């Protein structure tokens, strides 16, 4: 969509055919009050009231707001507690080879695709599928997955708050085994460090593990008659401590998002940068600890034989995929608040590289402490390495108890986890709010704060299941199924829909319209063939390697596994279901209906429109819309001036009579061709 630009009428930038070249989008000033009055009168005569004007859509206050928000979204808990473990598990430094290959041919291209698509249309993940209405279900699937992840992700943030508050003490509570929650099987870390004659097969239950399971989660349910049980089927009682910290976590999220991207864009100046400060401090402190060298060597020592294992390539692809947050809708939502001419190509490369660099850097900080703990416990590094919540809330807290001034380091570490989690939570929640407000702009856009509040309350109530004694099992089930293979399927269909249905040429032209040049052959090849092929590999491999969810060696009952699978299929079933509904709503034969469903909607285009375009757009459907007259047509004696339909503004710039003063043909030149294009 375009606005009037005087250069179109001055002879600059015209093709030999006389058709004006595409110009970068230019925001126009509002239509003059007199012209608006004429428009209202003409529309009243036609018997059609003007459509209600949509509230103006907000934008980022500054470029850095967007960059830090996206960096915070991509750099999350997985960078700290999953990547280092995968690197150690899959050949150390050799794992960087498949990791960088997957980044190059899958992660970066898809990240750029979402970034460019969201910026071009300035719409949320659901409404943006005006480009191909048949695939509108992709946006709904993205919102469902983001909502499910928000439920359990904020519980992890609540755990971080719990540990953060517990760290404000002279001695960390998980350091000893003489507390009311400890069992006879508990062995203090210091006792293990001082013990002799230990073997590699030495097993124990650490005080930090019992603190997490028996004090924080209380996941052992007393059944009476001196019998206990653990599992998702044993709900037990509600932990009001966890319910309160979960409430606090949602209050923090709401407070940071209540003003939209204007407020969250300022909060990320702290939450996105603080983790880097803490990681640097932890790395410097950890590097001088005894055993740190062995831990870091264990982390990066390459084992190239592992590259023959397909599991290594699958782990690399899945880590890149989940780390960048592709197909969650967050990239579409955040980029939709960008300025139209923002260089999204450069942003995609910088953010993707920064995200991967952070993962590698975090591994050095984490393994320096793992090596220190192995040294103190006189155990191999491989015996103390953990992943996920086991690293963040068991292994790492245990390492902290061995350090001098351990409460200080504990406060820094869990505050870092808090900020890492909040950034990602901001974007996932904003994705849902943006999708709703863009789908129902006149109804919800002015009330985004209330929409946000309603969503926060609903997700908090759903998260209370994770505050029971079976809470950890609910969380692990949601983590296992909510964004697994369904995320891969959604991204695969998105790539096919944009590259093959919407069209790679059309999409490349859209990008050129924004940044002035088309993406190179590398991106086009990845979008059309390479990235979909890699995602298909990940999907097939995930199905072959599928196993039901298990936590801490405890299997789930059949009904829980079924519930998890329904959770996974619920999101991706929206894609064909919504597609069928879209086709059914169209008129004509099945072929005509389907063709319309894969054709861009008449409203498709840059959503940041000029006031002139918005007001003229309200004349759609009128038999004879108001016309713009070109006085020059009277020179050939034509009685009726040509009609100019403002709805075709995406093809031709508005005619401005003032350009007659600058037209050399009109001011003394020959007027042999009076066609519209030759007079421009």
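We number each residue from 1, going along the chain as drawn.
Using N, Cα and C of the backbone, Cβ positions are placed for all residues, glycine too.
Among the features that TrEMBL reports, Na(+) binding site is placed at 72, 75, 79, 323, 355, 420, 423, 424.
What TrEMBL records for 659-680 is compositional bias 'Polar residues'.
Positions annotated as disulfide bond by TrEMBL: 177-186. Residues near residue 186 (disulfide bond) in space but far in sequence (CB under 8 A, at least 6 apart, same chain), listed by position: 177, 205, 206, 207, 210.
Taken from TrEMBL, the feature region 'Disordered' applies to 1-21 (among others).
Per TrEMBL, region 'Disordered' is recorded for 627-680 (among others).
Annotated transmembrane segment per TrEMBL: 66-84 (among others), in sequence order. When Cβ-Cβ distances below 8 Å are used as the criterion, the transmembrane segment (66-84) is approached by residues 60, 156, 261, 264-265, 268-269, 271-273, 275, 299, 319, 322-325, 330-331, 334-335, 337-338, 342, 347, 350-352, 354-355, 358-360, 362-363, 366-367, 387-389, 391-392, 416-417, 420-424, 426-427 of the same chain, each at least six residues removed from its ends.
Summarising the annotation, TrEMBL assigns transmembrane segment to 96-117 (among others). Tertiary neighbourhood of the transmembrane segment (96-117): same-chain residues 87, 90, 128, 131, 307, 312-313, 316-317, 319-321, 323-324, 326-327, 331-332, 335, 344-345, 347-349, 351-352, 356, 360, 491, 494-495, 498, 507, 510-511, 514, 519, 522-523, 526-527, 530-531, 534-535, selected by CB-CB distance under 8 Å and a gap of 6+ residues from either end.
Within the same chain, residues 77, 124-129, 216, 241-242, 245-246, 248-250, 253, 327-330, 332, 389, 393, 397, 410-411, 414-415, 417-418, 421-422, 424-425, 428-429, 431-432, 435, 459-460, 462-463, 466-467, 471, 474-475, 478-479, 482-483, 486-487, 490, 493-494, 497, 567, 570-572, 574-575, 578 sit at least 6 positions outside the transmembrane segment (138-165) and bring their C-beta atoms closer than 8 Å to a C-beta of that stretch. Sequence annotations record features per position, and here TrEMBL assigns transmembrane segment to 138-165 (among others).
Sequence-distant contacts of the transmembrane segment (242-261) (same chain, at least 6 residues past either end, Cβ-Cβ under 8 Å): 58-61, 65, 69, 154-155, 157-159, 161-162, 165, 216, 267, 334, 337, 422, 425-426, 429-430, 433, 448-449, 452-453, 456, 459-460, 463-464, 466-467, 471. For 242-261 (among others), the entry in TrEMBL reads transmembrane segment.
Marked as transmembrane segment by TrEMBL: 273-300 (among others).
Per TrEMBL, the feature transmembrane segment maps to 320-337 (among others).
Residues annotated as transmembrane segment in TrEMBL: 349-372 (among others).
TrEMBL lists 408-429 (among others) with the feature transmembrane segment.
If you look up TrEMBL, you'll see 450-474 (among others) marked as transmembrane segment.
According to TrEMBL, the feature transmembrane segment maps to 480-504 (among others).
Within the chain carrying the transmembrane segment (525-547), a Cβ under 8 angstroms from the stretch's Cβ atoms is held by residues 102, 105-106, 109-110, 113, 310-311, 313-314, 317-318, 321, 484-485, 488-489, 491-492, 495-496, 498-500, 504, 507, all 6 or more beyond its ends. Under the heading transmembrane segment, TrEMBL lists 525-547 (among others).
Residues 110, 113-114, 117, 131-132, 134-135, 138, 141-142, 145, 148-149, 152, 321-322, 326-328, 524, 527-528, 531-532, 535-536, 538-539, 542-543, 546, 549, 564-565, 567-569, 571-572, 575, 598, 600 of the same chain, all 6+ positions outside the transmembrane segment (480-504), place their C-beta atoms under 8 angstroms from a C-beta of that stretch.
The Cβ of residue 79 (Na(+) binding site) lies under 8 Å from the Cβ of 323, 355, 358, 359, 362, 420, each of these being in the same chain and 6 or more residues away along the sequence.
Summary of the Na(+) site environment: with the site residues 72, 75, 79, 323, 355, 420, 423, 424 set aside, the chain residues having Cβ atoms within 8 Å of the Cβ mean position are 71, 73, 74, 76, 77, 78, 275, 358. Shown in sequence order, 72, 73, 76, 77, 153, 325 are the residues of the chain, 6+ apart in sequence, with a C-beta less than 8 angstroms from the C-beta of residue 424 (Na(+) binding site). When other Cβ atoms within 10 Å of the Cβ of residue 75 (Na(+) binding site) are tallied across all protein chains shown, the result is 26. Highest Cβ count within 10 Å among the recorded positions 177, 420: 420.
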